[in-house]
Amino acid sequence: HQLVAVVSPKAGRRAPVTPQGKKRARRICTLVLCAYGFFSNLRPSEPFLTAYLMGPDKNLTETQVTSPCLDRLGLVGVLRVLFDDFLKCYRCRSLLAWSLWWALATCGYFQVINYAQALWENIRPSQDYEIYNGYVETLSTLLGALAALLVGHLPVCWSLWGELALCVLSLLMALCVFAMDTLGNIWLCYSSYVLFRAIYMLLITVATYQVAASLNMQRYALVFGVNTFMALLLQTLLTVVVVDSAGLGLDVFTQFLIYGGYFAVISVVFLLAGLCKYVDPMSMSMLTL
């Protein structure tokens, strides 16, 4: 007798993937990537640079090169050095002012550019009209780069007029965001967006230069990292409160109204800081030295 194997047509089919299965797979992938990133930073470092760090022109001995910093100071010692450097850096009033604007404005800037496309879609739906969002993004980037190049040629004493310049230009950024939110015309919205990005790139270039001019080279990474971290932390909090459904979950027009008010508050803060500096005779005497 011949044995005939009967195979069900459903046996070779794969089970359909449910939304819950996709969500579970994404969670597993995210956890695996996070674990990989965490443990990759704990791996033993290989001394592949040792040969390049020693030599008659390097003025370093093999003992100095191979002796790790953590063995000499300990982790607590390294953290203490970082904390001491942090306090020394941010005691400078000028550096603190520019760093504060850096963190606050970068937070608002990221929110505006992240949700500008959603605003434009509500003003001029892409399924009904021809849109030019890509051209506007390109133009705003080019004009921002041009503004960053030209700002170095402006005859402005930023140490003297920095706070008032931040006040005026932050207010102009607030007006741009309010215009995007309230006018309802896509071309005026595009123009306001281009001007908004150009002003930010101009000011962030000045802020980066002013912060770097107040530091020695060993502290660049610390201050730049702290400023960027604070900006992203504020952006996360703002997103959770304003955008996320776990918070207020506001519509995009209300979001941009809040972002405009946010930049207006930044403008008021630096107006008060500038007035306090000019009223304080000790600050004025230090600036004129």
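Using the three backbone atoms N, Cα and C, a Cβ is placed for every residue, glycine included.
Nobody curates TrEMBL annotations by hand; they come from automatic prediction.
If you look up TrEMBL, you'll see 95-112 (among others) marked as transmembrane segment. Residues 89, 162-163, 166, 170, 173, 177, 180, 193, 196-197, 200, 203-204, 206-208, 210-211, 214-215, 223, 226-228, 230-232, 234-235, 238-239, 255-256, 259, 262-263, 266, 269-270, 273 of the same chain sit 6 or more residues outside the transmembrane segment (95-112) yet have a Cβ under 8 Å from a Cβ within it.
According to TrEMBL, the transmembrane segment annotation covers 132-152 (among others).
Through the fold, the transmembrane segment (164-188) approaches residues 97, 101, 105, 108, 112, 116, 119-120, 123-124, 156, 158, 195-196, 199-200, 202-203, 206, 253, 256-257, 259-264, 266-268, 270-271, 274 of its own chain, all at least 6 residues removed from its boundaries and within a Cβ separation under 8 Å. Sequence annotations record features per position, and here TrEMBL assigns transmembrane segment to 164-188 (among others).
If you look up TrEMBL, you'll see 194-213 (among others) marked as transmembrane segment.
Here the transmembrane segment (220-243) has long-range neighbours at 82, 85-86, 89-90, 95, 99, 102-104, 106-108, 110-111, 115, 208, 211-212, 249-250, 255, 258, 262, meaning same-chain residues at least 6 beyond its ends whose C-beta is under 8 angstroms from one of its own. Summarising the annotation, TrEMBL assigns transmembrane segment to 220-243 (among others).
If you look at the transmembrane segment (255-276), the same-chain residues 6 or more away from its ends with a CB under 8 A from one of its CBs are 97, 100-101, 104-105, 108, 111-112, 115, 119, 163-164, 166-168, 170-171, 173-175, 177-178, 180-182, 238, 242-243, 283. Annotation comment: TrEMBL describes 255-276 (among others) as transmembrane segment.
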